[in-house]
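Chemist: Before anything else, here's the structure in question.
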Amino acid sequence: MAVRGPLLKDELDIVIPTIRDLAFLEQWRPYLSPYHLIIVQDGDPTKKITVPEGYDYELYNRNDINRILGPKASCISFKDSACRCFGFMMSKKKYIFTIDDDCWVAKDPSGHEINALEQHITNLLSPSTPFFFNTLYDPYRAGADFVRGYPFSLREGVPTAISHGLWLNVPDYDAPTQLVKPAEKNTRFVDAVMTIPKGSLFPMCGMNLAFDREMIGPAMYFGLMGDGQPIGRYDDMWAGWCCKVICDHLGMGVKTGLPYIHHSKASNPFVNLKKEYKGIFWQEEIIPFFQQVKLPKEAVTVEQCYIELSKQVGEKLNSIDPYFTKLSEAMVTWIEAWTEINAAHKKGAEAVSNGTVSK
């Protein structure tokens, strides 16, 4: 019997934002070492980041971002994990798995280690069912199927653009919840994957996330957060709201649930509160905005949808704060940079294919 190699080994990059040495990768070695890593170093670009031996990786710091993007580097956040989206841009692969450096391999209730990446790949390679909820959750998992009353015309499903994983141990709470539940741990393992229904938003967490870069990558922009911005810790949620609206419009699916990782570190709730303070108020207006967004039928690509969304952000959210005008402009800059970088990737790939450069 042939031994199965790593799934999608040559079609997937792992993106990690960090400010520290990546010793956590030692525990992930059995699962992640066959894949290519893109590391985005935040903070001081002169600090040396150590990566365990045996990993194939490229590392970018702020100086690299400024050199590669020039004036368009303004759209990449500084001193915030939102910088990870630069890694999404630099990837040449079809799929992305992004994980934080305080996430460890989790164990299921039977004590077996969870290969989070393999489960993400399984999610992405199976269809989603956003138009009609299946009460057995994901009907494509082994041992499940569509229940009685599920329309046969919808059972083919739609392509899955995003796989959103969860966390054991330290929950992904906001600062007020952290403050009132400082010792709370998530020990509840739910063996389920579900498609988030069309029309429903969700709070996307970027610490354990995979997506089809070719399908939804241009919308996976984590916004302007961190240094010099009035808000932080909303970067992944902003990307999630934008992506979900576009997935709904274009007929793509988002799955959430398995896989779990073990989140090892709780950030300081008082520091978090300072970063989140405005967002806690703003989200009460931002979420209704996304719930009511309408994208034109003429917008048939992710890029077209995102540019249209940026216009509506600038027009309808600037009354909350001038920051949203700046964010709207950054969204356009992001798409421009994404288009330029990916055109360069494509040109380079074609040159290799035609034999005009050495492989």
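Placement of Cβ uses the backbone N, Cα and C atoms for every residue, glycine included.
What you are looking at is a predicted structure, and each value in this text was computed from that prediction instead of being measured.
Pulled from TrEMBL, these are the listed features:
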- R148: N-linked glycosylation site (CARBOHYD)
- R148: site 'Required for activity' (SITE)
- R155: site 'Required for activity' (SITE)
Chemist: Please identify which of R148, R155 has the densest Cβ environment, defined as other Cβ atoms within 10 Å, among these recorded positions.
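Modeler: Counting Cβ neighbours within 10 Å, the top one is R155.
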Chemist: I'm trying to understand the geometry here, so how far is the Cα atom of the residue listed as 'N-linked glycosylation site' from the Cα atom of R155 (site 'Required for activity'), in Å to the nearest whole number?
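Modeler: Roughly 12 Å, rounded to the nearest whole number.
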